[in-house]
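Here is the structure we will look at.
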Number of protein chains: 4
Amino acid sequence: MAGNSFGQLFRITTFGESHGEAIGVIIDGCPSNIKVDIEFIQSELDKRKPGQSKITTQRKESDTAQILSGVFEGKTTGTPIALLIPNEDHRSKDYDHNKDIFRPSHADFTYQSKYGIRDYRGGGRSSARETAARVAAGAIAKLFLEQKGIEIFAHVSSAGTIDAPNIKIDSVKELVEIRESNIVRCADPATANEMIEFIDQVRKDGDTVGGKVSCIIKNCPVGLGEPVFDKLHADLGKAMLSINAVHGFDYGSGFAGSEMRGSEHNDLFVPPNGDKSVTTLTNYSGGIQGGISNGMDITFRVAFKPVATIMSNQQTVDKEGNAAEIKGKGRHDPCVVPRAVAIVEAMAALVIADHWLRNEAYK
Amino acid sequence: MAGNSFGQLFRITTFGESHGEAIGVIIDGCPSNIKVDIEFIQSELDKRKPGQSKITTQRKESDTAQILSGVFEGKTTGTPIALLIPNEDHRSKDYDHNKDIFRPSHADFTYQSKYGIRDYRGGGRSSARETAARVAAGAIAKLFLEQKGIEIFAHVSSAGTIDAPNIKIDSVKELVEIRESNIVRCADPATANEMIEFIDQVRKDGDTVGGKVSCIIKNCPVGLGEPVFDKLHADLGKAMLSINAVHGFDYGSGFAGSEMRGSEHNDLFVPPNGDKSVTTLTNYSGGIQGGISNGMDITFRVAFKPVATIMSNQQTVDKEGNAAEIKGKGRHDPCVVPRAVAIVEAMAALVIADHWLRNEAYK
Amino acid sequence: MAGNSFGQLFRITTFGESHGEAIGVIIDGCPSNIKVDIEFIQSELDKRKPGQSKITTQRKESDTAQILSGVFEGKTTGTPIALLIPNEDHRSKDYDHNKDIFRPSHADFTYQSKYGIRDYRGGGRSSARETAARVAAGAIAKLFLEQKGIEIFAHVSSAGTIDAPNIKIDSVKELVEIRESNIVRCADPATANEMIEFIDQVRKDGDTVGGKVSCIIKNCPVGLGEPVFDKLHADLGKAMLSINAVHGFDYGSGFAGSEMRGSEHNDLFVPPNGDKSVTTLTNYSGGIQGGISNGMDITFRVAFKPVATIMSNQQTVDKEGNAAEIKGKGRHDPCVVPRAVAIVEAMAALVIADHWLRNEAYK
Amino acid sequence: MAGNSFGQLFRITTFGESHGEAIGVIIDGCPSNIKVDIEFIQSELDKRKPGQSKITTQRKESDTAQILSGVFEGKTTGTPIALLIPNEDHRSKDYDHNKDIFRPSHADFTYQSKYGIRDYRGGGRSSARETAARVAAGAIAKLFLEQKGIEIFAHVSSAGTIDAPNIKIDSVKELVEIRESNIVRCADPATANEMIEFIDQVRKDGDTVGGKVSCIIKNCPVGLGEPVFDKLHADLGKAMLSINAVHGFDYGSGFAGSEMRGSEHNDLFVPPNGDKSVTTLTNYSGGIQGGISNGMDITFRVAFKPVATIMSNQQTVDKEGNAAEIKGKGRHDPCVVPRAVAIVEAMAALVIADHWLRNEAYK
């Protein structure tokens, strides 16, 4: 109940601070006999790791995951899988100036107030470094879902005010190729170039900017999601909102849907055709009706606020409540969304894996 | 794990179908010695109940809550509080035509597919009638929070494309008065009139429309919210997304924040002044930093899709997958947001009460 | 977390006080399409209800269960099943003398201290009346398990110092017949007579006595139970220890096993024979190895202390801590075990149903 | 829900296999600002570690715990505490013969059947090695409880048929000294000698024997325990029954109480005296009434079956179900109770810490 676990049946618990010994995750509830591909886990971590390009933080971490338990002769055994990622490049000195001062729009003030103590180095537990553990766990979830044919794809659909057009390609493999061919991770190459130029300018300004990640889940069977509180989109929403810097979530028609009329918004059912089951003509429902997946593509968006650490002077207060001034040091992202793509996919995989098992239990 | 419970320490479990014997809720974890004001519970239910005005469904339900347990001589005893709301006006006949046909953008198809059986009368468990139980439980949560000085206020901030301006009034009491003086429950009287006219026209068209509810939580102390998955806004988000027809949630700067720069978005800390603790100059954080409340007003928005039941013919399929046609019968809302205000407040109260207790445990 | 729920996937939440409006239970997680036999539920409740015979309390309650939700056209729908048992014969007056005085070895003192308030009528929430709700829920669990061929049988194996010999009969049907043919519910008719005479004498003495219930679960498949904390016997143990007046639990060889040698205690495996899977020569493991069922009969014992309400004067203290004297009034059991048999079976059914679903999820 | 977590608010999750890379535990929910004494953690682990004396296994493991997170400058920060114990002396070769054969009364058969795969080296996840992680976590719980003045003491009260007399000493410090002065960990020196001689003879016989551990919790305040399922003794019982080889649990009067009369068994209340609160004349309730602590000493017993690995030939079956023969190899305990004392204390500390926080939440 202290909040460091997520999921019911496919359940993860993460631990670790930004500049401590290590971060890591325990997965309790991964079914047995899933082949574990350590290289795949690493490739997922590499998409999130710092130091990838000029538009991400220059902090260097190899982010190498070690498997401590739960895997035997290359397969899961049904027992807890412990994944450990040692911390390497912890220039804690960069954070000495934070010891007694609260950075604006960071969690320094709230952690100090709540706990009466905090590991101030690099944000400690509140650092987005924690999400590396999620990505490692999400990779295991993906390996599980792959067996079921479920595919998850996220990309940067907005950086600041630059929006990508809707994706028209249906092949996840192809989409990943396009996305990974540009450093901002947008599936539309033309928009990607615009975004990169924009973010680089923001970086040069010593400033930061927000953005959005859009996600699609393909081949999810009908029936995942539990009424009435654990609706599939409610759990997806919680998962996404638990990611650092996320300020908004919507699915299907989303916020735009609230301006539509029912006659336009309703997704008319279409009889089965060939090997396809019942489908809908449109998909404003985003693949979820009454909180339960209906077999159509699940679609959602995640809105990220701008990174709080900026390279200019800001007013703030110190631990005693006195006025103070602070300026960002260290190495930070001008925009988190390129690295957040892997986190969004990981959390989506964890939610779907969890609801898969929950649905299985009652079949 | 079957999804009908919400909260960890202040925990509710709802039950009941739209046209069954009764709906209700068990609250497990309400502290003892809270005065229970049955009239207050009823007044909350009255805000959600059907048949209130020309822009809500004409279905009549008195929605009277009975207390079966957990209250002794007018006070909570710390044991489970059972609240029962008998169903009265269940014209089940209205739904016979739904027995074998799936209504578009309803949960008929997904429930039937998931469970192999469904109470098709009025949506059964998937009906928004379930939310009456949440409102009753939320009323108890509000009585608990009132003792702590915490106030919650929601209102209709958009109906379709009609948006209300930002609220400038600080007194919740005054805001409630304004809101309750108009049938659309908007805190801006001029916009309210526009909205009512608009929704009434939609109703006459046999159509429906979506909208948004905005909520503010005042006087929440610093420290509520548990890192890293049970961030306060993540639990608020899940709570809101679990409400029928909700397609989106954001808090603080929200989706708009994803277009902003850090230099603009950061909330600069201001030293304590008089009896006020540390505050921030702006509140793009929406009162929550690192998932933990920072003492500022908590603000969020909830986007509702248009009601799926419309009064015109729609293509669909039947249980065997054959093409079919359906037309809405019965009595339905042209727009849910006026009645949803009470539900949003109830769910917010439940989240805050739960996190209050969670924070208390570790103090 | 306030303790009124049990089970993870087949989860119950009970509510209600001894002398309030009603008691009841919500079952969240019963699979759909289970036929619900209301007469069977009632017959289970009848085994627990008061006023059955001269050796049980003379308090009269018909204990009639009403189904409020989750069942449609005679079958479960997968949504929460609410069962309500109204309280009838609440002679609250009998308890006025308890208002300010703590009955020895009851929960009056601890409830008052913990909550600062208590419904003192008949023990309120701490009354064994709460277990009627468990029996009703257990009946639904039994209907679910019946489909899987799993049978549960409990009987009174000791009353005070009178012990029944080990059961030699293999047919549960036959055992139930023998047990229900005597009012003490012992499966050995000769011992039953002795027990009845003994308990009746205790009753005449105005005194009470403890006893033991033994239980056997037949046809439980291999694989139920989750390592390492949710071992099948650990959950059975918790279930039994949560029943009022229970002071001990053991399974398989139990306490006696702690005096044995490994060479004697080990259950040697026997190759499959005909349609039988692997078995063991002896069953000191009580059908559970490493916390997981091994396909053999699951066996355990539950020890009940004597009922605390006796018909003689006892020293105690009042709410202010002053010395006081109290004498049992009202109508009470001289020995609870005859009525506890139904409760033990119900809790066992709930544990097995829960672990069945948990095992199913990961298959 | 996969069973590797224990506790609600003070919650642990263990991981690791006997012969894998490491075992460990995450504590989620330890309050902040608790001083962490790594030497104390180690001293607790030393009481459980193998190779202590001639009556324990000769397997050597230094069992050194590393803290990976959650502790900053010697104090807990309120974030998850990860404790890692690397595996050292894993003579996996000793277990090659177990690969395809099921050891009698071990978990080989049930794990293989449940998961379709198992780490057969040394019992893998089912090995009692997992309990080292519990002891490390329990040490943190003890440091927390120490601040509250709560003391926990367990010792070996029986080895086979040799029973120790009841303890008459009131000082936990003194009791620990006596207990640690003998290798069997019995608080009665005379009995200890008998036990040691007896166990040593059993060992020479190539056999094993069971035993009992008794535990007392002193200075627990009134009010811990949640009705009705999470009674304090129900959670203690589950905790103890989850320990490897445990076959029975009772508290207060326990199994013996089931043979007593109410007039003898009732604990009469005694008015407060000096700085003492209300007490009881006797303590058959074992410090718990209605599932809630009453301020008296909490007392319980735990029964352990004999270790399954013996040094003689035994009949069994192999993975294909064919008859086979097996003989214990490796280094095993003739009797687990001397090492189990630390585990019982650890689990007791975890239960009390958890219920302390749960009670705190609702105050």
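Numbers here mean position along the shown chain, with the first residue as 1.
Cβ from N, Cα, C; glycine included.
TrEMBL labels come from automatic prediction, so no person has curated them.
These features come from TrEMBL:
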BINDING   A:R48, A:K54  NADP(+) binding site
BINDING   A:R125, A:S126, A:S127, A:N244, A:A245, A:G290, A:K305, A:P306, A:V307, A:A308, A:T309, A:R331  FMN binding site
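Shown here: features listed in TrEMBL, placed on the structure.
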residue: A:R48; record: NADP(+) binding site; Cβ within 10 Å: 26
residue: A:K54; record: NADP(+) binding site; Cβ within 10 Å: 11
residue: A:R125; record: FMN binding site; Cβ within 10 Å: 29
residue: A:S127; record: FMN binding site; Cβ within 10 Å: 22
residue: A:A245; record: FMN binding site; Cβ within 10 Å: 22
residue: A:K305; record: FMN binding site; Cβ within 10 Å: 30
residue: A:V307; record: FMN binding site; Cβ within 10 Å: 27
residue: A:T309; record: FMN binding site; Cβ within 10 Å: 24
| said: Distance check, please: Cα of A:V307 (FMN binding site) against Cα of A:K54 (NADP(+) binding site), rounded to an integer number of angstrom. | reply: 16
| request: Grab the FMN binding residues from the record (A:R125, A:S126, A:S127, A:N244, A:A245, A:G290, A:K305, A:P306, A:V307, A:A308, A:T309, A:R331) and give me their largest CA-CA distance in Å. | output: 44
| query | Going through the binding-site residues A:R48, A:K54, A:S127, A:A245 in order, which have a C-beta under 8 angstroms from some C-beta of chain B? | reply | none
| Against chain D, in sequence order - binding-site residues A:R125, A:V307, A:T309 with Cβ under 8 Å | A:R125
| said: What does the structure give for the C-alpha distance between A:K305 (FMN binding site) and A:K54 (NADP(+) binding site)? Integer Å is fine. | reply: 20
| Among A:R125, A:S127, A:T309, which are recorded as binding-site residues, the nearest neighbour of A:K54 (NADP(+) binding site) by Cα | A:T309
| query | In angstrom units, rounded to an integer, how far apart are the Cα atoms of A:T309 (FMN binding site) and A:R48 (NADP(+) binding site)? | reply | 19
